[in-house]
Amino acid sequence: MAAVKRKAYADLEKGSTSPHIVALAIHGGAGGTTTLDMPPDLLAAYRIRLRTVLVMTYEHNHTASLDAVCHAVSQLEDSPLFNAGKGAVFDLAGHTVCESSLMTTQAGFNSKTVAVTGVRRTRNPILLSKVLLENNRELGGHAFYSGMEAERAGWKYGTQRVNSKYYWTRRRWLEHKRGLDSKLADLAESDAATAVEEQEDVDKDAEQGLPAYSDSTSPFEPEVLDEHEHEDQSILDRYAHLTDFLPQGTVGAVALDSNGNLSVATSTGGKTNKYPGRIGDTPSVGSGFWADAWSAPANARHHRSSGHRSFIGRLFVSLFRRTKAKADGDKQQAIAISGTGDGDFFLRTNFASSLAHRIKYGNTSFDQGIESSMKELVDLYGAEKGVGGAIILDDRGNAYFPLAASTMNRGLISKSTGYRPKVAIFDDEDLA
């Protein structure tokens, strides 16, 4: 296996002529604080999962960026370490409600973006967004879907249906209870069982009276669960009592393929103890995600701002990393952005599309556009650290990791990394 991996990396380094992924960046959430004595094995688990997702996605031999980002995010959703899918948090009412979104510059789709909110019974929300994008014309050409009707459409096209027990983890339940000012001594597994029963009642009520697709259209049983516990679950349970934790936010991926297409996928469980019905930035087009391509004069492309690094160093730690550029004569520009952090502030600044539009319409560099958008976000938040960060790719495979938080799970695999996975967690940490 190791020999196969080395050969695959070597082929990419030489320059493959077949369609392939040029660059893939992922994130697993941004956070404000961590303890200085964070258990080494827990820290290692995050790094291992990030590397594994990068490697598994690359070795899957995806030819399109859209497939790559969906594959990467679905793996992050399956791990309970992250606040998406299996690791999603509880809202104020004790329910788990997920959101996801996709956007691509790839031609051939009826819509370049699809987002979903109110997901309660689908194992991988990002795969729900994917099938809704792929079958968008049949569904009426909509860009934003919500709730049980969207999920039933997904089941029709093959997404996996689960019951609410699938999402429950002790770690997230304890976070929920602490947020409600409950005493740790009073916590018991029976509390969790009660919450699950209540959520199932809500699920059943929501299903009644809907002109739903038949359950027989799904290749999976309605109440199917994983037969095997995810390998990350045991270590998460071991440290479920910790109150000062690693980043737990939205997960996302951005990718560039050899055909020049950029795609972004984002998925989240939202905010712990969010008000029921709250919609975050993840499914809100232009706030938590964006992908776009446009033509620009060759002399206006990718110029750097001389004051960029000094400002970033003064205000917040930025980990911009750039890869080797394409030919200067190429006039096409493109960008893909996935944000993570306090979504309400990403919504208020319309972060992702505003950033892209600064570059597209303001004739500014990528560095300047990112700097301005991060400054706007930080100013509104009112503190230099805590609001979050983003992963960004441009049309040449340059990767950017602007960050205004103490931590952000992140990783990159591209030509600049020798097509080997490199990851980081802390704000002052280089990818390695």
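Each Cβ is built from the backbone N, Cα and C atoms, and glycine gets one as well.
Note that TrEMBL annotation is computational and uncurated.
Given the ranges 95-126, 191-222, the record in TrEMBL names 191-222 as region 'Disordered'. Of the binding-site residues D281, D342, D281 has the largest number of other Cβ atoms within 10 Å of its own Cβ. Neighbour density at the Cβ, taken as the number of other Cβ atoms within 10 Å, is lowest among the binding-site residues G280, G341, G343 for G280. Here T250 (active site, nucleophile) is positioned 9 angstrom away from D342 (substrate binding site), judged by their C-alpha atoms. All chains included, 32 other C-beta atoms sit within 10 angstroms of the C-beta of T340 (substrate binding site). Once the Cα atoms of R278, I279, G280, D281, T340, G341, D342, G343, the listed binders of substrate, are compared pairwise, the greatest separation found is 17 Å. Rounded to the nearest whole angstrom, the C-alpha distance between T340 (substrate binding site) and T250 (active site, nucleophile) is 5.
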